[in-house]
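Trainee: Pasting in a structure now, in structure tokens, and then I'll have a few things to ask.
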Amino acid sequence: MSPAHNPHERPNSGVDEEEEAVMLDPSDAAEEIIDDGDAVMDSGSDDDEAGGEGEDEIMQELQLENDSSAYFDKYKDSIFTIAQHPVHPHIIATGGSEGEDAGGIGYIFDSTPTDDATPVLPASYQVPPTEPQERKGLEPLFTLEGHTDSINALTFTLPAGQFLISGGLDGKLRTYVAAPKQQSRSWSFLGEAQEVEEINWLAACPNPAFPNTFALGANDGSVWVYTVSTDASAPLQIVQSYFLHTESCTAGAWTSDGKLLATVSEDGSLYVWDVFGEASAAGFTQDGGQTVVGLTNHDQRFAVEGGLYSVAIEPATGAFVVVGGAGGALKVVGLPRLGSAASAAGGKAKGGKQAAVKPSLGQSGQILADLQAQTDGIETLAFAPPPLTLLAAGSVDGSIALFDSAHRFAVRRLIKEAHEEFSVVKVEFVKNARSGGWLLTSCGMDGVVRRWDTRGGTGMANSGFVKEWRGHRGDGEGGGVLGFVQGNGERIVTAGDDGVSLVFEAPIA
């Protein structure tokens, strides 16, 4: 705005100030100054008054627009991460910050609304005292303490959620154990370890042969795999550690059988690790037996200027991995097939001998597709549950792209401005038999959670928009949704940059 215009300036303001001072009587001038000052303090010009009233109306509308059925607001600063118990999905863990230059903090709470599922108003959204007061927020079951910097990652171990792991920007790894026969409502601290400066992410391993195992990626590029035991003297035991990434390790994902781990880095590299030695036994490894796939930006076909930030593995067979990076780049890379316990079981069910499924190298390490449908970094990737073959990619440019892996990764739909001009933070398909696997949930820095039906046509007219849930502050930094969990899709719990976790009821028809 130009500073030349002053709404309180009189029509003859072009007269030299010195001449004006001579023309005015001193008493009149004093009186005029007082009146003008009162006017400024009051509300300004008519235009300003109209604008102020409009802003108040808009602010009140935003405060009242809250679709949540419950809320948790014990944080003093942002909530950076959220995790859901695999057996008791109403048990939620969140982690974040106590404030600038303060330690990290986290909470475990029961997300079940304590009242009927009607909109609520957290304290940060409270309307004037003359209006009905907000209902009481959810209370913590347990507080996660001991981190000297923000809690940046959380995961419950698989298959039963016996342990909760927290990772912090202080590099600490802390583990908590659930009391037996308490429905995961009672927790206690078990132990901690530290091998790195900062932890970027945590991912629980789904391999049934190695329960309570998880991986982490660090800011120095290292990747670590731990297993947790109830032995208080050494609860966190290192299974593997890898050091091939040269810059921060930004994301990681396990194959659905938990046999391979794929990680990506800001240096533009992808490595797929043979954590438990099955690929090595089949003769499929490289780099001294550590990896089954290793690609870096030295291969110009794979190079992504600006680095890689997301990764997902095809869930049905684990035949390929997709990585997303800067500038909207997506690369699809083949993986070996190590055999499937499900396939072996199927053979036995048909009455034949239970024969081992022969491993196949297939197109391992080959770049199967090079895609770019969006204009900015790919922050999040998600596959639809089998037998569907859709891949969703969420971008910093606010769009969501849907690719069909069964048809050479053709773009089935590009939802531009899915979260307006704000970054898409997370996309995840609903895993519920009644939904058919078509429903996709997304959240963004606009502070909104949205759901999409991914069937049907293309273009904005057929974006597939189903519903949205509001309640966070929105408008970018400080008000976005930094994550969510949704279980079977019928209840969504968020992690808000505004320090509030909201519970949304999302029944599936």
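Glycine residues also receive a Cβ, built from the backbone N, Cα and C atoms like all the rest.
Annotations for this protein, taken from TrEMBL, read as follows:
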- 1-11: compositional bias 'Basic and acidic residues' (COMPBIAS)
- 15-53: compositional bias 'Acidic residues' (COMPBIAS)
- 1-53: region 'Disordered' (REGION)
- 144-176: repeat 'WD' (REPEAT)
- 242-275: repeat 'WD' (REPEAT)
Trainee: State the residues, same chain only, that lie 6 or more residues beyond the ends of the repeat 'WD' (144-176) and have a CB under 8 A from a CB inside it; answer 'none' if no residue qualifies.
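Mentor: For the repeat 'WD' (144-176), the nonlocal Cβ contacts are 78, 80-88, 91, 93-97, 103-108, 184, 187-206, 208, 211-214, 216, 218, 226, 228, 235-236.
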Trainee: Across the repeat 'WD' (144-176), what does the mean pLDDT come to, as a whole number?
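Mentor: Looking only at the repeat 'WD' (144-176), pLDDT averages out to 98.
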Trainee: For the repeat 'WD' (144-176), DSSP counts of helix, strand and coil?
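Mentor: Helix/strand/coil tally for the repeat 'WD' (144-176): 0 helix, 18 strand, 15 coil.
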